[in-house]
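Annotated in TrEMBL:
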type	residues	note
DOMAIN	34-127	domain 'M23ase beta-sheet core'
TRANSMEM	144-162	transmembrane segment
TRANSMEM	168-187	transmembrane segment
TRANSMEM	207-227	transmembrane segment
TRANSMEM	247-266	transmembrane segment
TRANSMEM	278-295	transmembrane segment
TRANSMEM	301-317	transmembrane segment
TRANSMEM	324-342	transmembrane segment
Amino acid sequence: MAYPVSRKLTRMSGSYGPRQPIRLPDGSLTPAWHGGVDFTPLRSGSRLPVYAVGAGTVVIADRTTSPSDFSGMDIGIRLADRSIWWYGHLSRVDVNVGQRVRDGQQIGLMGATGRVTGVHLHLERHWPALNVETDPWPYIEHELWVLYVIAIAPTILISTYVDVLDPMHAVGMSFGFAVAFSSVVLLAKRTTPARPLVRRISHTSFWLVISGFSLFVYGYLALTAGLSLRFLSIFEVYDVREDYAEVLAGAGLLGYLVSPQANVVNPIIMAAGIYSRRWWLVGLGVIGQLVLYSGTGLKSILFSMLAVVILAFIFRANLRPRGILLLGGASGLIAVTAWVNIVQGSVVWSSLFARRFLITPARLSSHYVEFYSAN
């Protein structure tokens, strides 16, 4: 994603989340909740260019300048993922409703229109289908870091140790991944606007689809494997997994249903509950994951549930870790589990976390290269 303003000429002056109310020139106070992030020019009063963070369609192009209007001149751009990025308090709007814009395209100028204390850009990100807003900052800073931590770094570092490819091919694969990722980071840029792959649906329709799919998945699971809710120990999962494999032999459709339910639908339910503070949704998603874990023995379901809840709370609480901390956090987790193993005299925890963060991504990448090299 493109940065919304010049990095060299601005600073981030306001973060997403709770804040002390600010008294405006008219004597009124700003809300205690700040729904976006603010960027202020280093040179006070400078009306610097504002850029689209991603390719999309302009849905708002408001040139209202009345001080009674909270946001003043503002722009809304709907991206391919159906999120809407909203730019407020502008001094000039350079686009019109319905216009397609590319990432990095100038769309206006910073300003002080609306109820503000000075020149700045206010940036928000909204998800109309979920009826929630989210902190825009992680999406600007962290996308490539997440990809690097979960796939690229393990493949580069561990591929020669997983005994899938011969040493020369493993080194070549690692070098290829490093060059390809570096090229994406340094050189790649979208040249044409992204186009949505799906039709927009209403908030009600979205949740009807989520509910209908979930009912079908759990109903089919009840008919084929039965429903249970119990917490399996790490040592019990392998027996349950064998039973689940036998069920799949006679009901192959179940495997195609459990995966999207566990990896997409339930995380959406939990994340939507956390961001909207509807805790019953969080509980519903957690129970749904535990039922799937009890019936399949797949540890990834348990780990993903914890990861989704922890990350959602981190960003909801406005802790906003920098991208490098994602790499440090994964490395630190592996180091801590290694220390616990030394203290306990076992390999259980390293087997769980080191395998999940390092060995599994490298092994999967190696198998993909091996298969597609031969076919």
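FYI, residue positions are counted from 1 along the chain as it appears here.
Backbone N, Cα and C define each Cβ position, glycine as well.
Unlike curated records, TrEMBL annotations are generated automatically.
Highlighted: of the candidate stretches 168-187, 207-227, 247-266, 278-295, 168-187 has the greatest count of Cβ pairs under 8 Å to the transmembrane segment (144-162). Under the criterion of 3 or more C-beta pairs below 8 Å, with sequence separation of 6 or more, the transmembrane segment (207-227) and the transmembrane segment (168-187) do not qualify as touching, having fewer than 3 such pairs. Nonlocal intrachain contacts for the transmembrane segment (278-295), taken as residues 6+ away from its ends with a CB within less than 8 angstroms of a stretch CB, comprise 214, 218, 221, 225-232, 240, 244, 258, 261-262, 266-267, 269-270, 272, 301-302, 304-305, 309. Under 8 Å from some Cβ of the transmembrane segment (168-187) lie the Cβ atoms of residues 144, 147-148, 152, 155-157, 159-160, 162, 365-366, 369, 373, all in the same chain and six or more residues away from its ends. With DSSP states grouped into helix (H, G, I), strand (E, B) and coil, the domain 'M23ase beta-sheet core' (34-127) comes out at 0 helix, 49 strand, 45 coil.
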